[in-house]
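Student: Below is the structure I would like to discuss, written out as structure tokens.
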């Protein structure tokens, strides 16, 4: 077993679970105590992740902080965790948002506070577990763990009008994809075990197994559907606007900032490395769907009358860029894709927080109900403006760096896809700036807006950390790109090497079959001649 001296990743994964268990034993009437306990455990989780970052070697392309223990020996299941430059910042994003969403919900959630906090913390366990799992069985367990708390967040604390519909739609979509992926995982397990004699769910060992081309197609298709639903890609996106619109503010933040990244991460960690030939063959139609998603999401966002629904459709557009960069299969595209996952989590998460703050004051999200808010809420206007400009990719802010790298990487291999995708940047500027102008500028025509209070100290504390990273990534992205580079280069090299190995295997198989056929024909002729 190869294990680190201190199990950082286990602590990062399960500290929120310990907090959730403790909350179960506390009096539900002590709401302030419940919130403080949840906050302390989330801050502890963030602290441990920062300490783990100090032990991470950014120059290494390999998995680090590995913990490997046999779980079910007879079935080849292990408790194996690890991170590299691909998953590092996704884990940090998740632990950063933990205390932020607790603080954001401090005044927002007033009923079933105990159960709400338990759901948030169990959800945190599932999300981190997905990003650090190096065993397919363990990954699937964490993938399913996050389903129930997210269903409850939408179905219990969501908008009373359609919360159950939105929650059920989210669950049904996710379960269909998950079951298909489970079938593919089991098929891979038995196929690799039969070929090598070693039955295992260990991801790194399965990376070395060359899956035959025909099997690759079906397995990749199953993984693709599971991850495409979670991203979500067009046309599997229809659950997302309802889930966002009906979820409470922090539910939307977690959904946009982290949960959707589980889909994009799933492609780069599992689907593409395990089935590289099928992924390469699927590139053209994945890119077509990504470009359609970019343009479609932007067009639909333009006609929304609800601010939250507008931001939800912007996610479909932004995550289309992530998929496009990933399937460019070059360093610029993949690095831009990973960075854009982080950027989208920060910018869109912040926009949902902004929408939640205005909803707390007015109990409406209709754009027509606002106008001139910058006059009565100047500090709010500043934060709103920065996050809006970040979302449309203004140079100097985080969104620009990710989109630029993605378009650069895509243009090298698919110029026309890059040109079409670039139109999405223009459309994003149109719908985001138009929305901002209608909400923040002009005269205060609605008397209900005259008495609105500006941001409180708590709300400023929620938004400032996100703004710091929005500016940091935009001004000096190398802080985040350099740790990714070695892992991304290894990822690309692995994909190319494994593709070649599979093709050589298939070629050798055909040659063997041809020789066997020739031998059978020769033998038959010899018998006839006798």
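Even glycines carry a Cβ here, placed using N, Cα and C.
Feature annotation from TrEMBL assigns transmembrane segment to 6-26, 33-56, 85-104, 116-134, 140-158, 211-229, 250-270, 282-303, 310-329, 341-359, 379-401, 413-434 (among others). The domain 'NADH:ubiquinone oxidoreductase chain 4 N-terminal' annotation in TrEMBL covers 47-127. Under the heading domain 'NADH:quinone oxidoreductase/Mrp antiporter transmembrane', TrEMBL lists 133-423.
Have a look at these and tell me how they're positioned relative to everything else.
Tutor: Within the same chain, residues 4, 6, 8-9, 11-12, 15-16, 18-19, 22-23, 26-27, 64-65, 83, 88, 91-92, 95-96, 98-99, 102-103, 106, 113-114, 117, 120-121, 124, 483 sit at least 6 positions outside the transmembrane segment (33-56) and bring their C-beta atoms closer than 8 Å to a C-beta of that stretch.
For the domain 'NADH:ubiquinone oxidoreductase chain 4 N-terminal' (47-127), residue counts in helix, strand and coil come to 43 helix, 16 strand, 22 coil, using DSSP.
Same-chain residues lying 6 or more positions outside the transmembrane segment (116-134) and placing a CB less than 8 Å from one of its CB atoms are 9, 12-14, 16-17, 19-20, 23-24, 34-35, 38, 41-42, 45, 63, 66, 68, 80-83, 87, 90-91, 94-95, 98, 101-102, 105, 109, 141-150, 152-153, 156-157, 202-204, 250, 254, 258-259, 262, 265-266.
Long-range contacts of the transmembrane segment (211-229) within the same chain, counting only residues at least 6 positions beyond its ends with a Cβ under 8 Å from a Cβ of the stretch, are 173-174, 176-178, 180-181, 183-184, 187-188, 191-192, 236, 239, 263-264, 266-267, 270-271, 274-275, 277-279, 281-282, 286, 289, 502, 505-506.
Long-range contacts of the transmembrane segment (250-270) within its own chain (CB-CB distance under 8 A, at least 6 residues past either end) are made by residues 86-87, 90, 93-94, 97, 100-101, 104-105, 108-109, 120, 123, 127, 130-131, 136, 139, 143, 146, 150, 153-154, 157-158, 203, 223-224, 226-232, 240, 243-244, 308, 311-312, 315, 319, 322-323, 326, 334, 337-338, 341, 344-346, 348-349, 352-353, 355-356, 491.
Within the chain carrying the transmembrane segment (282-303), a Cβ under 8 angstroms from the stretch's Cβ atoms is held by residues 220, 224, 228, 233-235, 237, 310, 313-321, 323-324, 327, 329, 410, 414, 417, 420-421, 423-424, 427-428, 430-431, 434, all 6 or more beyond its ends.
Among residues of the same chain six or more beyond the transmembrane segment (310-329), those with a C-beta under 8 A of the stretch's C-beta atoms are 231-234, 237, 240-241, 244-245, 252, 256, 260, 264, 267-268, 272, 279-280, 283, 286-287, 289-298, 300-301, 304, 336-337, 340-341, 344, 348, 351-352, 355, 367, 391, 402-403, 405-406, 409-410, 412-414, 417, 421, 424, 427-428, 431-432, 435, 492, 495.
Tertiary neighbourhood of the transmembrane segment (341-359): same-chain residues 89-90, 93, 97, 100, 104, 108, 244, 248-250, 252-253, 256-258, 260-261, 264-265, 307-308, 311, 314-315, 318-319, 322, 365, 370, 373, 380, 383-384, 387-388, 390-391, 398-399, 401-402, 455, 459, 462-463, 466-467, 469-470, 473, 480, selected by CB-CB distance under 8 Å and a gap of 6+ residues from either end.
Here the transmembrane segment (413-434) has Cβ contacts under 8 Å with residues 287-288, 290-291, 294-295, 297-299, 301-302, 304, 310, 314, 317-318, 320-321, 324, 328-330, 333, 388, 391-393, 403, 406-407 of the same chain, all six or more residues outside its ends.
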Student: Where among 6-26, 140-158, 379-401 do we find the most Cβ pairs under 8 Å to the transmembrane segment (85-104)?
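Tutor: It is 6-26 that shares the most Cβ pairs under 8 Å with the transmembrane segment (85-104).
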